[in-house]
Amino acid sequence: MFVNGHVGESLIVTHSKLQWATGSIATGTFSTVPSVLLLFFLTQTLRVPMGYAVIAVFVPKAMSLIVDPAVGRLSDHLRPRFGRRPFLLLGALLSGLSLMTLFSIPRLEAPLATAALVGLAYFGAVVAFAMFSVPYISMPPAIEPDPVARTHLIGFRMMLVAFGIIAGGAGGPILVEVGGGGAGGYRFMGTLLGLLVMATMLIAALARVEDVGVATGATSTARKVPQGFLALLAFYGLAQVAVACGSAALPYYAVGLEGMSEARLGMLLLVMLGLGAISATLWGRTAIGGRRRPLAAALTLGVFGYALAAVAAGRVGGFGDMALIVALAALGMSATGVQVLTFVGLAALTTDDAAGDQAGRLTGYLTALEKLALAAGPVVAGGAMLALGVNAGSIGADDRPAITLVMAIIPALLLITAALFTFLSGENRP
């Protein structure tokens, strides 16, 4: 099976790995919902001005730069005595509750007070999610030391991440409409997805997987950063900012400019994210022979998708919805490829002797950067729209060029810049 290259291994261990991977549905859901909907929720439902909303979204996520590495170091330090399970269990409970709370905040009389309350709730969600996600994502090298089997495991895990992204990115807008729209709809959506996050995290936390550990280097090298890690960070950070920027601008294009319902927006996202989910295991297989060529393919596919999205959004040559659907399909597969190949690379780096027993710390840095990038995307989108004179409360035809720029052209430029970092590291192993 895909998680086990050893024929003699017992079925219960394989099932345990599948149970552990279920937590990836939660990580995909939790990461996506605020990135796609929180800025829109603040400006359109709570009527918070764009400037305040951008700050409320960005500052809590920026704190991940402190929170995630701290959680990683703590989990590395306490793991020999307690293991990772206490972190996973507590993080599961708090993550679900925090997502429910975040989209249940009412509109206060003062917009600044509303923004501050949302920002505080979002910071609590960031801390809760770090308690689960950092130790969880660092586990593949310990669960599966064999690099080929580990690559298959990560590919399957990222497929479940993609299903979680579908639940949050595509299911979120649909649930808002099913719940009646407005504040009540967002509260309904947050409650259901919060329960999904809590349940799938708890399933993963209770999985009986072996934590055999990774190679521990000498004390003098225990804190040495593995070769290629900084290039991996730079590449992944820029790629995630691109995805988050385009995703944050999409509701303003679809609902604000084109007058689509939130359910139709959800269906568009379903196309993008569904094809991403289907492609996850395929990207994992391509990484077995090395990561650089598959990364180049994923990035090329992404640039093509953004170029086609610009054509569709700008109505160039009469192209419209069909071009946008094809663009979103390409972008979904590209984003999934980038994620799968990045985490395959991280797992390979954390098995090196030079990395020492610091999988949690290195994972903390990567997840902190990922969260910061996912927050920076809406900041880039909101800041650009603000600078270009887009009024989020009343979007009109004159805003089409600005929204096209934010939704497609800026992300394409970021992705092209990220491509440069695929050639800065000599690491090319599975």
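Every residue, even glycine, has its Cβ placed from backbone N, Cα and C.
According to TrEMBL, the transmembrane segment annotation covers 20-42 (among others).
Only residues 6 or more beyond the boundaries of the transmembrane segment (87-106), in the same chain, are considered here, and those with a CB under 8 A from a CB of the stretch are 23, 26, 30, 33-34, 37-38, 41, 46, 71, 75, 114, 117-118, 121-122, 124-125, 127-136, 183, 186-187, 189-191, 193-195, 197-199, 201-202, 204-205. What TrEMBL lists as transmembrane segment is 87-106 (among others).
Per TrEMBL, the feature transmembrane segment maps to 112-137 (among others).
With a threshold of 8 Å between CB atoms, the same-chain residues lying at least 6 positions outside the transmembrane segment (158-176) that come near it are 21-22, 24-33, 36-37, 185-186, 188-189, 192-193, 196, 200, 247, 251, 262-263, 265-267, 269-270, 272-274, 276-277, 280-281, 283-284, 336, 339-340, 343. Sequence annotations record features per position, and here TrEMBL assigns transmembrane segment to 158-176 (among others).
What TrEMBL records for 188-207 (among others) is transmembrane segment. Long-range contacts of the transmembrane segment (188-207) within the same chain, counting only residues at least 6 positions beyond its ends with a Cβ under 8 Å from a Cβ of the stretch, are 16-17, 19-26, 29-30, 33, 85, 88-89, 91-93, 95-104, 132, 136, 164, 167-168, 171-172, 175-176, 178-180.
TrEMBL lists 228-253 (among others) with the feature transmembrane segment.
Annotated transmembrane segment per TrEMBL: 265-283 (among others), in sequence order. Sequence-remote contacts of a segment are chain residues at least 6 beyond its ends whose Cβ falls under 8 Å from one of its Cβ atoms, and for the transmembrane segment (265-283) they are 2, 36, 152, 155-156, 158-159, 161-163, 165-166, 169-174, 177, 250-251, 254-255, 294, 298, 324-325, 328-329, 331-333, 335-337, 340-341.
Annotation source TrEMBL lists transmembrane segment at 295-316 (among others).
Annotated transmembrane segment per TrEMBL: 322-351 (among others), in sequence order. Beyond the transmembrane segment (322-351), the same-chain residues lying 6 or more positions past its ends with a Cβ under 8 Å from any Cβ of the stretch are 137-138, 140-141, 145, 147, 150-151, 154-155, 157-158, 161-162, 214-215, 226, 228-229, 232, 235-236, 239-240, 243, 246, 268-269, 271-277, 279-280, 283-284, 287, 291, 294-295, 297-299, 301-302, 304-306, 308-309, 311-313, 358-359, 362-363, 366, 408, 427, 429-430.
The transmembrane segment feature in TrEMBL is assigned to 372-390 (among others).
Residues or ranges marked as transmembrane segment in TrEMBL: 402-424 (among others).
Counting Cβ pairs under 8 Å that are 6 or more residues apart, the transmembrane segment (372-390) and the transmembrane segment (112-137) reach fewer than 3 and are not in contact.
Stretch with the most C-beta contacts under 8 angstroms to the transmembrane segment (295-316), considering only 112-137, 228-253, 402-424: 402-424.
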